[in-house]
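Chemist: Can you read through this structure? Questions will come right after.
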Amino acid sequence: MAMNEIALFKGVRIQPYHKYVDFIVAGAIASAFLIYRIYVLIQSYNEKYSTFDVRTFFPFVKSSLIPFLIGTAIVFLIVKLIAHLLIRFKVKDLAETIETQGFHNRTVIKKRTEFLDIDYRQTEYDYYPTLFYKRGKKSFILHIKKDGSRFQDDYLELETIIEPMFHCELVEKRHIGRYLRYEFMPLKFKKRIIMDNHSDSESKIYDTKIKITEQIIWDFAKAPHGLVTGITGGGKTYFLFYIIRELFRRESEVRLLDPKISDLSFMKRVIGSDKVADTKGQIFKQLRLANEEMENRFRLMTESEDYRIGHDFRSFDMPAYFVIFDEVTAFTSTLDKKELQEMNDYLVNIIMKGRQAGVFMFLTAQRPDADVIKGNVRDQLGLRVSLGNLSTDGYRMTFGQTDKEFQSIHESDIGRGYISILGQYNEPVLFDAPLMEQYDFAKDVEQILSQQDIDKERQRTVVL
């Protein structure tokens with residue numbers, strides 16, 4: 001068995017006594033307090049009396065006994081209260097979950113003490129799951145053994161219990177040998193990016209990594225192409241604005257296709273009418289030009305003496321070329337069969353071949369129609385995002401077949417949804433898109449492009 005198939009350093013194994021870990025911690029601290037007070041008392045006795053005498057010791061201790069016990073009880077209660085209110089012992093919660101879910105077999109035996117005529121009950125576990133807990137910097141990891149018990153099906157879907165219980169999100173689920181590894185991130189660590197007119201606008205040429213949140217990063221060179229779906233008012237347009245803004249920061253060639261003539265057409269006055277298409281003829285022209293650009297890049301790379309296996313557009317100082325196709329399914333409803341086939345041919349060609357040449361498709365839709373975004377094409381989309389609540393079919397058409405149980409998103413949580421990134425978050429995870437309420441998108445893009453023109457002019461001056 002390979003080393004990566006062995007679950008090493010799994011953390012703390014959950015045991016039945018972990019149900020009482022808060023009592024154990026409080027008892028240990030209270031006991032330490034009591035021992036310290038006894039030590040101080042003995043020191044005081046030694047200072048007062050030169051020799052030990054039972055007749056003087058017990059009266060000396062008797063006066064302090066009740067305050068000692070009361071103080072110890074107070075320390076115990078305070079620590080127990082702090083542990084209950086402020087410190088959440090996940091090992092305790094996990095042990096209690098095993099009990100409440102019934103993931104065990106146990107026998108309660110009635111016994112009698114040897115010296116006292118007293119009956120007591122002793123619990124013996126015939127079966128207890130092999131579950132490990134490990135704490136990370138901003139996440140926690142569970143390993144549970146696939147032991148073939150009658151509870152194994154529940155172990156395979158453990159995230160349905162853990163996510164609402166700890167207010168967290170499944171980051172990764174992986175089989176490692178006989179263990180199933182879960183990694184969860186508490187939602188408090190998923191920091192949202194706040195956009196304003198003072199946000200960093202420095203150019204990042206040839207940087208292919210775009211921050212979606214402070215923790216989630218999309219590398220479009222490794223996970224090419226994108227799809228964003230969502231209901232009206234879910235924040236789809238603002239997320240698209242953010243992606244476009246970040247692409248301009250990277251000096252990418254961007255083409256905007258807006259068949260509904262709504263959210264992107266105004267960009268004509270910012271980047272030029274030749275880079276924004278909103279009619280059928282213009283849209284087909286841009287798709288054709290993108291395909292020609294891709295083929296030309298392939299030809300230039302393969303004919304170059306510097307070409308090596310594994311090289312891509314970055315090795316030849318080519319900027320990324322993005323086609324942003326807004327509301328693609330709305331456009332297809334206006335096409336006849338021949339036009340639909342032509343459009344699909346363009347999309348499939350770029351999505352299947354475009355990564356190495358640096359030509360990318362970024363699609364948005366309220367509902368990803370299977371006639372337009374077929375399964376084999378959808379599986380090639382490295383970034384997939386849903387914003388707001390979707391139907392079961394909507395989630396399936398966006399993310400494909402998944403066992404994920406999607407949480408309901410409140411209508412006030414604009415910009416909240418699910419995201420999957422090929423090779424990074426293969427299962428959809430909950431996230432909050434960048435917040436752009438106090439932000440002027442057009443003004444910011446104008447400033448970015450203007451600064452890039454100034455920088456290029458300076459470089460030309462230096463060369464001359």
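Backbone N, Cα and C atoms are what each Cβ position is placed from, and that goes for glycine too.
Automatic, uncurated: that is what TrEMBL annotation is.
Small disclaimer: the values here were computed from a predicted structure and weren't measured.
I grabbed these lines from TrEMBL:
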type     : residues                                                       : note
TRANSMEM : 20-45                                                          : transmembrane segment
TRANSMEM : 65-87                                                          : transmembrane segment
DOMAIN   : 213-396                                                        : domain 'FtsK'
BINDING  : Gly230, Ile231, Thr232, Gly233, Gly234, Gly235, Lys236, Thr237 : ATP binding site
Chemist: Under 8 Å Cβ-Cβ from Gly230 (ATP binding site), six or more apart in the same chain: what's there?
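Modeler: Residues satisfying the criterion: Lys236, Gln366, Val385, Ser386, Leu387, Gly388, Leu390, Gly417.
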Chemist: On a count of neighbouring CB atoms within 10 A, which of the binding-site residues Thr232, Thr237 is highest?
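Modeler: That would be Thr237, with the most Cβ atoms nearby.
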Chemist: Does anything in the same chain, at least 6 positions from Gly233 (ATP binding site), have a Cβ under 8 Å from its Cβ, and if so what?
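Modeler: Expected: Gly388, Glu411, Ile414.
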Chemist: Inside 8 A of the center formed by the CB atoms of Gly230, Ile231, Thr232, Gly233, Gly234, Gly235, Lys236, Thr237, which other residues of the chain have their CB, for the recorded ATP site?
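Modeler: Other same-chain residues near the ATP site: Gln366, Leu387, Gly388, Ile414.
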